[in-house]
């Protein structure tokens, strides 16, 4: 039920039911074209896999970070919050599957608003926490290269920053929950966003709202941080701390490649679909709908990739997980 699923202002309601595609709504105007059988099977299967993998991966992250006292660090606190956001999102795909198979919203309006809010939390909070983690890495790696400590970088400060991120995300997501409601479309009850008049203006504003606040600003910030860091590291003169500098360069290179590659891979097609939806009027062909569901599924997969990217690539995390599992087995 991504907000990027909205098709256009020509519809009575300016939103689509979940799980909605990104380039068009199957019920935007007139009867929805029949989905090809492979797509009708693939969509719920893919959503189920995303839910299962995301639930398992993020549960493992939470299990280790909450049960291992030595892992209570600033970085791990941000990873913990990221895992919480992704874990919450795993509640969305099962609801989307039910809506997809039944072709109508089978639940009440309260759950409609809740699912919309959780879905939007995934869109915004993940990149917001990645931005905070990037800023933290910027300070830490640069301080390491210069053989100094980051002033004020404490666990308590990280808690305050995390609460601030959740607060900002809540304010950003709140309008979607307000506009979410049940509505009859073509004789079917749907969970949609019903915008006031003029619908065309509100629809375009909602797309630009997500594009700017949910992608352009955080990704630009991440790029500026790592570009600046790489430039500053290259400018630092090698001295007796050359080994620390070399390690810092390696860490920042891995972080730049991992964060930016995954971020762009997952979110760029999703947000480019906003530009397409705003500038073109694509016919709702089976191909367009299939591409739309693929883009939506790719953005959903973000909740699966984060645990591997930010936790499972850490050797110490794997050791902690094995130790905790061994303790549970022997107890």
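Positions of Cβ are set from backbone N, Cα and C atoms, glycine also.
Looking at the stretches 16-35, 116-135, the one that Swiss-Prot records under the feature transmembrane segment is 116-135. As annotated in Swiss-Prot, transmembrane segment covers the listed stretch 287-301 rather than the other ranges in 287-301, 302-316, 317-331. The membrane topology recorded in Swiss-Prot splits residue 75 and residue 277 across the two sides. Here the topological domain 'Extracellular' (1-43) returns a mean pLDDT of 51 for the predicted model. Of the recorded ranges 44-66, 76-100, 116-135, the transmembrane segment (206-227) has the largest number of C-beta contacts under 8 angstroms with 116-135.
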